[in-house]
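Positions annotated as domain 'EngB-type G' by Swiss-Prot, on the basis of sequence analysis: 22-193. For 30-37, 57-61, 75-78, 142-145, 173-175, the entry in Swiss-Prot reads GTP binding site, with the evidence type sequence analysis. According to Swiss-Prot, the Mg(2+) binding site annotation covers S37, T59, on the basis of sequence analysis.
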Amino acid sequence: MNLNDITFLLSVHGLDQLPEDGLPEFAFAGRSNVGKSSLMNTLLRRSGFVKVSGRPGKTQGLNFFQAAEDCMLVDLPGYGFARVSKEMQNNWQKLITSYISEREALKCVVVIIDIRHEPKALDRQLLDWLREQKVPVLPIYTKIDKLSGNQLSRHAAILDAGHGIKKDERILFSSKTGQGRDELIAVLESYLA
């Protein structure tokens, strides 16, 4: 997978705008402010390429990034943020739900969860729904550099239990240190083989 040659392709606000090139797609989902953009920038080794915002709700469409001729990375709007209108939240939910359930090019949804917080109902609902839809899912616990070793193990175990995740089914990730990047690339590449 060539992540050195990455370009922003387009922002999609309706299913009729989806690219039709047939490249494999990997979607990145997570609650607002869990470190989704930072994770994507670390993955690409390009600081600031995917816009990072301290303001939740910044991503408002499905943002497609093309990695050479290999695949697409799709940045989904963050969920669970209350400062946008209910109508906007509903529109995002419909768009994301339709995209995930209908898109044949979608190979895996990377679900990003902040390890510092207790299990959230919205994360569990998304994980359960993806499993029901038979969509491959890769949970990633971010911001691991913010916890000590003992805290990290305890928080990971709590999230695993709360979300029905086995230890070998998820990745611990730090955008600050890059830990987990190689594991993430290996999993994504396994879908391209």
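The chain as shown is numbered from 1 upward.
Backbone N, Cα and C define each Cβ position, glycine as well.
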Cβ neighbours within the same chain of F173 (GTP binding site) - under 8 Å, at least six residues apart: L39, T42, I140, Y141, T142, I144, Q179, G180, R181, L184
Binding-site residues compared (G30, G61, P77) - highest count of Cβ atoms within 10 Å: G30
Binding-site residues compared (N33, S37) - highest count of Cβ atoms within 10 Å: S37
Under 8 Å by Cβ from K143 (GTP binding site), same chain, sequence gap 6 or more: V34, G35, D114, I115, R116, S174, S175
K143 (GTP binding site) - helix vs strand vs coil (DSSP): coil
Helix, strand or coil at G30 (GTP binding site) [DSSP, three-state]: strand
